[in-house]
Amino acid sequence: MQRAAKCALRLDLSRAFCPSSVRNCRAVNRVNGSVSCRRYSVLPPSRDEEEKAMLDSMLRVDHAGEYGANCIYAGQMAVLGRTQTGPLIQHMWDQEKIHLERFNEILGEHRVRPTLLLPLWNIAGFALGACTALLGKEGAMACTVAVEESISEHYNSQIRTLMEADPERYTELLQLIKEFRDDEIEHHDTGLEHDAESVPGYLLLKTAIQVGCKAAIYISQRI
């Protein structure tokens, strides 16, 4: 009982340093009636430099994507925050904040350097969000559809890579990516439900944004 109480206390203390949105503090291993506690990670220890480089690249680009998405929603809220569309955009932004917070923690925990282009994505993302929001609700939703479709496709590509490599080894990382991918798909569908396709030049706007997203993904993986 005393050991269990001490473990519970350590878990309570760890939660003080772990945001409630992050599920990376767990109690594990009941051996011979004892309880042990440890900080949980979504990544297994790297087998070699090749695996570390692969995972670092994945985390770097995922972090950059979530960072950019946060900047886009910030730009949209700057224009539409006080309109009827504001609460809808805020809801999606709140989910993106959780994604970014999680990747911030993972990068810090595993000493992964974020892309050097974060200042550029900050400016470009906010500008994209604000400019499309100036087209009205439909413009903002068209931007959301284009960006979230690109991000969800990228997450699907990562899922396939990890499944082909070793699904059991990357179980926790796969679960995290799938959860975030599902949120992005939800945002994509929300955009379509709120008249994204009715903005003038929808297909042209969507294509242009997605070309930019693919370029950002490619560059963020490498720089």
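Glycine too: its Cβ is placed from the backbone N, Cα and C atoms.
Please treat TrEMBL annotations as automatic predictions, because they have not gone through curation.
Under the heading Fe cation 1 binding site, TrEMBL lists GLU66, GLU96, HIS99, GLU184. Close to GLU184 (Fe cation 1 binding site) in the fold, though at least 6 residues off in sequence, lie GLU148, ILE151, SER152, TYR155, each with a CB less than 8 Å from its CB.
What TrEMBL records for GLU96, GLU148, GLU184, HIS187 is Fe cation 2 binding site. For HIS187 (Fe cation 2 binding site), the number of other Cβ atoms no farther than 10 Å from its own Cβ, over all displayed protein chains, is 26.
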Request  = Give me the Cα-Cα distance between HIS187 (Fe cation 2 binding site) and GLU66 (Fe cation 1 binding site), rounded to a whole Å.
outcome  = 13
Ask   = Neighbourhood of the Fe cation 2 site (GLU96, GLU148, GLU184, HIS187): other residues with Cβ within 8 Å of the Cβ centroid, in order?
value = ALA69, MET92, GLN95, THR144, VAL147, ILE151, SER152, ASP183, ILE185, GLU186, HIS188
Query = Apart from GLU66, GLU96, HIS99, GLU184, which residues in this chain have a Cβ no more than 8 Å from the mean position of the Cβ atoms of those residues at the Fe cation 1 site?
reply = GLY65, ALA69, ASN70, GLN95, ILE98, LEU100, ILE151, PHE180, ASP183
Binding-site residues listed as GLU66, GLU148, least Cβ neighbours within 10 Å = GLU66
